[in-house]
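To start, the structure under review is shown below, and the notes come after it.
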Amino acid sequence: MKKFDLIIIGAGRASNLAVSASKMGKKVAIIEKSKFGGTCPNRGCVPSKLLIGYAHVARAIKESNRHFIDSTINKIDVEKIFEETNNYISKIDPAYKKRFNENVEVIYGTGKFVSNNIISVNGEELTAPKIVIATGTKPIKAPHEKAWTSDDIFPLKGEIPKSITIVGSGFIACELANFFSAVGIETKLLVRSQRILSNEDSDISAIFKEEFSKNVDILFDTSIDEIDYKDKQFNLILINKENQKSKHSSQALLYATGRQSNTDSLDLQNTDIQVNDRGYIKRDEFFETNAKGVYVVGDASGEHMLQHAAAQEVNHLGKLLFENESKALKFKYMPHAVFTEPEIASVGITEQKAKELNIKYVTSTTNWLASAKAMSTRLKYPRTKFIINPDTYEILGCHLIGPESSTMMHQILVVMHLDNDIRHLKEMLYIHPALNEAILPAAVNTVKVVEAYKKDK
Ligand SMILES: Cc1cc2nc3c(=O)[nH]c(=O)nc-3n(C[C@H](O)[C@H](O)[C@H](O)COP(=O)(O)OP(=O)(O)OC[C@H]3O[C@@H](n4cnc5c(N)ncnc54)[C@H](O)[C@@H]3O)c2cc1C
Ligand SMILES: NC(=O)c1ccc[n+]([C@@H]2O[C@H](COP(=O)([O-])OP(=O)(O)OC[C@H]3O[C@@H](n4cnc5c(N)ncnc54)[C@H](O)[C@@H]3O)[C@@H](O)[C@H]2O)c1
């Protein structure tokens with residue numbers, strides 16, 4: 001049996017751990033069943049955001065009338081867009097492997113547990129005192145063999161469809177519907193309820209729904225009743241809440257109805273490792289599973305499902321295992337963004353969550369029109385919503401909708417990271433008239449609301 005200091009199963013973010021441990025002279029085996037780099041650079045965050053860049057330019061041209069500019073798009077070379085994206089993806093696996101030194105054994109194959117500390121891969125057995133599971137997630141399977149999930153478009157093989165139906169209403173469905181519709185592919189988004197991006201604060205998702213519907217053809221309260229695929233086309237029977245049926249056809253059908261754990265590939269029944277009711281691996285605050293010396297990080301734990309969370313966990317686990325770190329990683333906040341048009345960024349709790357938790361809070365929602373840069377976009381919908389603990393001025397949640405929300409949010413994250421008090425955002429100096437200046441009136445209003453609340457008490 002081959003002996004290592006560390007075995008890593010899944011070479012997404014955990015590739016970084018192989019790099020850092022091997023630099024310290026540790027003997028590492030890293031096992032990957034697909035491509036090194038994992039979901040984010042191969043079929044997730046990065047390629048999907050590369051597509052958003054094209055969508056953004058196309059939309060700016062289409063909407064130039066808002067700035068009294070009459071323009072038309074002569075041609076969008078969608079083939080070139082996918083060629084460039086596929087080209088980017090093709091470089092990831094070799095680039096990741098180049099980062100490893102001679103202490104790392106790179107193994108392509110599916111890692112499976114034989115016992116708590118023995119892994120079998122390609123018929124060979126390996127052991128190490130430390131084993132890290134970083135096996136991420138996979139898309140929930142589409143119900144028709146010809147239908148796609150996001151994995152089928154990164155890289156896109158074969159013909160580019162002229163029309164697409166997308167099922168779902170989460171991050172992936174919205175980001176991809178935004179792209180396909182912007183570049184001129186006839187797109188229909190099917191949402192099974194009235195709500196889209198339903199995990200966002202409901203005030204924000206309501207604005208999103210109104211604005212996004214102007215750009216993307218969406219059918220709410222609608223699902224697919226029957227799927228027939230013939231002559232390179234999906235012929236669908238759709239059904240709505242009133243049980244009314246209608247026909248719809250498109251060349252492609254994409255399901256973005258969520259992701260699921262990859263743990264079924266690990267033979268965990270041979271170990272003491274336990275999974276929760278959604279199939280994700282249970283762990284303690286030091287990332288250790290029920291099997292001593294076996295750790296789980298990133299999406300495989302089912303906790304955050306975001307690249308920046310996986311990256312920090314992997315980094316911290318490296319410190320716990322090979323440096324003298326003894327403290328558990330505690331995320332003070334977990335931000336995310338939806339890279340659509342409109343763009344959303346969010347951190348902390350929503351107002352719905354605050355109600356559910358029955359905690360003391362105040363809110364204020366402010367438009368961005370006090371910023372000249374924001375005004376220059378000629379958009380009226382952008383908003384900042386704060387949810388604050390009125391006793392401490394602590395930011396419990398902040399939700400932005402508007403251009404560059406993901407960038408703007410970092411200013412709030414810095415305050416939350418250092419000394420979480422909304423008054424810093426009121427007192428700090430802003431560059432006039434930068435887009436961030438839109439945060440200033442939002443902070444001023446919020447502090448007023450907090451002070452009025454205190455006075456009333
Ligand atoms: C379309 C899309 C867009 C996204 N956009 C964003 C975004 O904008 N921002 C953001 O923060 N997050 C985004 N995410 C989420 C992000 O990609 C994940 O949170 C991140 O990749 C998690 O990293 P990980 O290392 O835990 O898992 P992964 O990157 O999924 O890596 C797990 C690896 O393990 C391998 N594996 C699984 N089982 C085995 C086994 N038994 N043996 C060997 N190998 C195995 C897999 O092949 C995979 O390579 C997006 C995801 C998708 C799908
Ligand atoms: N910008 C980002 O950070 C980003 C972008 C993409 C993905 N991600 C990550 O990837 C994960 C997966 O994204 P996702 O969009 O697939 O999942 P999701 O869980 O965010 O959304 C899935 C959506 O599909 C709907 N749905 C489920 N079953 C359905 C059905 N049978 N018919 C119709 N609708 C159905 C759900 O109501 C939900 O709205 C996210 O949790 C996120 O962490 C992040």
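Backbone N, Cα and C atoms are what each Cβ position is placed from, and that goes for glycine too.
Copied from TrEMBL, the annotated features are:
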type	residues	note
DOMAIN	4-312	domain 'FAD/NAD(P)-binding'
DISULFID	Cys40-Cys45	disulfide bond
BINDING	Lys49, Gly111, Asp299, Met305, Leu306, Gln307, His308	FAD binding site
BINDING	Gly168, Ser169, Gly170, Phe171, Ile172, Ala173, Cys174, Glu175, Gly258	NAD(+) binding site
DOMAIN	334-441	domain 'Pyridine nucleotide-disulphide oxidoreductase dimerisation'
ACT_SITE	His432	active site, proton acceptor
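All features noted in TrEMBL, drawn onto the structure.
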residue : record                       : DSSP (3 states)
Cys40   : disulfide bond               : helix
Cys45   : disulfide bond               : helix
Gly111  : FAD binding site             : coil
Gly170  : NAD(+) binding site          : coil
Gly258  : NAD(+) binding site          : coil
Asp299  : FAD binding site             : helix
Gln307  : FAD binding site             : helix
His432  : active site, proton acceptor : coil
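With Lys49, Gly111, Asp299, Met305, Leu306, Gln307, His308 listed as the residues that bind FAD, the site has a largest C-alpha separation of 30 Å.
When the Cα atoms are compared, Gly258 (NAD(+) binding site) and Met305 (FAD binding site) turn out to be 11 Å apart. Here the Cα atom of Gly170 (NAD(+) binding site) is found 13 Å from that of Met305 (FAD binding site). Here the recorded positions are Cys40, Cys45, Cys174, Met305, Leu306, and the one ringed by the most other CB atoms within 10 angstroms is Cys174. Remark: secondary structure over the domain 'Pyridine nucleotide-disulphide oxidoreductase dimerisation' (334-441) totals 37 helix, 29 strand, 42 coil, with classes taken from DSSP. Cβ proximity to the NAD(+) site centre (mean Cβ of Gly168, Ser169, Gly170, Phe171, Ile172, Ala173, Cys174, Glu175, Gly258, cutoff 8 Å) flags the following additional same-chain residues: Leu176, Leu197, Ala256. Close to ligand 1, meaning a Cβ under 6 Å from one of its atoms, are these of the binding-site residues Gly111, Cys174, Met305: Gly111, Met305.
Annotated pair Leu306 (FAD binding site) and Cys45 (disulfide bond), C-alpha to C-alpha distance, rounded: 9 Å. Sequence-distant neighbours of Asp299 (FAD binding site): residues of the same chain at least 6 apart with a C-beta under 8 Å from its C-beta are Gly12, Thr39, Gly136, Thr137, Arg259, Met305, Ala310.
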